[in-house]
Amino acid sequence: STAGKVIKCKAAVLWEANKPFSLEEVEVAPPKAHEVRIKIVATGICRSDDHVVTGALAMPFPVILGHEAAGVVESVGEKVTLLKPGDAVIPLFVPQCGECRSCLSTKGNLCIKNDLSSSPTGLMADGTTRFTCKGKAIHHFIGTSTFTEYTVVHETAAAKIDSAAPLEKVCLIGCGFSTGYGAVLQTAKVEPGSTCAVFGLGGVGLSVVMGCKAAGASRIIAIDINKDKFAKAKELGATECVNPKDFKKPIHEVLTEMTGKGVDYSFEVIGRIETMTEALASCHYNYGVSVIVGVPPAAQKISFDPMLIFSGRTWKGSVFGGWKSKDAVPKLVADYMKKKFVLDPLITHTLPFTKINEGFDLLRTGKSIRTVLVL
């Protein structure tokens, strides 16, 4: 048995920004109290991982990225009660401690134990790391770090799921799908018959489209500058697709003309401040709701006309789709098993873990929606 011992395994280490991932042998320490060590089976490539590579999201280096995954518990530290070796799990970049004000509130989901701040530590709760490589300490990423054969997470940052679930599919419930789907159902609470606009048609944006359809929206306007994304958006429920490049005027004016007075709900699923204000301006001046789903770039500030808000609009943010992670993830997996939603259309590529750099190239060139790496 490997329990209680250091495991040597393969991991993709990012030594510095704007460099390819380096496949290295790393040492993964055993889990401490309240921690679990997980054998990662499948992990998705999300734009937020790439934001660290480009420097748009500030993280301490060197680091093992990856946060959208599924795996099996290899061993548990002392005092762990809810998980045991052999359990199928999804790591949670938004943990659920069950004790902080966000966890205790019916309205909240962003647990205080998260490492998503503008100055992340990249460390476990005790201020240390479980990864070393070539004698150097390697940082964790938002409490998950899934671009490795083995990782260690806090027990509040792993959800036990149905062991029959296909891990190479449900790994998307660890981020992309849940983030988009929940932004509609949990954060915006879209009503039947509504008109919605979705800015950005990557994996998360398409999950927003699916959420709008599930909520009964009558018009779902999908917006992207890459027209190759439109067929998939329509397949998943978009009623119209708009390419801002086809117009001389700002996209919020186009949407206002298309809908009369603006959409009921808009979703920014890109992470650009320009599209955040466009999305806000495109919703109804008095009762429109706009939700920021894309991770905002580090150190950039928004300036906008406050009259956009004064007239009655609501501007909201949504992290992990507003779901209380440990409670919701097992239910979302169960819903997937009951065929209440699909994940296959989001997964355009499945690659062996060693081809991680190729997977990121597919993302950057707009050729993929989700690439799943199989370990």
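Placed from the backbone N, Cα and C atoms, the Cβ positions cover glycine too.
In Swiss-Prot, the NAD(+) site is described by G200, L201, G202, G203, V204, G205, D224, K229, V293, G294, V295, and among R37, R101, R370 the residue recorded at this site is R370. Neighbours of the Zn(2+) 2 site: apart from C97, C100, C103, C111, residues of the same chain with C-beta atoms within 8 angstroms of the site's C-beta centroid are P95, Q96, G98, E99, R101, S102, L104, I112, K113, T156. In sequence order, H67, E68, C175, G176, G203, V204, R370 constitute the residues six or more apart from C46 (Zn(2+) 1 binding site) in its chain with CB-CB distances below 8 Å. Under a cutoff of 8 A between CB atoms, and with a sequence separation of 6+ in the same chain, the neighbours of G202 (NAD(+) binding site) are R47, K229, V269, I369. Remark: S1 (N-acetylserine) has S75 as non-local neighbours, by Cβ distance under 8 Å and separation of at least 6 in sequence. Take the mean position of the Cβ atoms of C46, H67, C175, the recorded Zn(2+) 1 site; other residues of that chain with a Cβ within 8 Å of it are G44, S48, D49, G66, E68, F93, T144, G174, G176, T179. Recorded residues D224 (NAD(+) binding site) and C111 (Zn(2+) 2 binding site) have their alpha carbons 32 Å apart, per Cα-Cα distance.
A straight line from the CA of C97 (Zn(2+) 2 binding site) to the CA of G200 (NAD(+) binding site) spans 32 Å.
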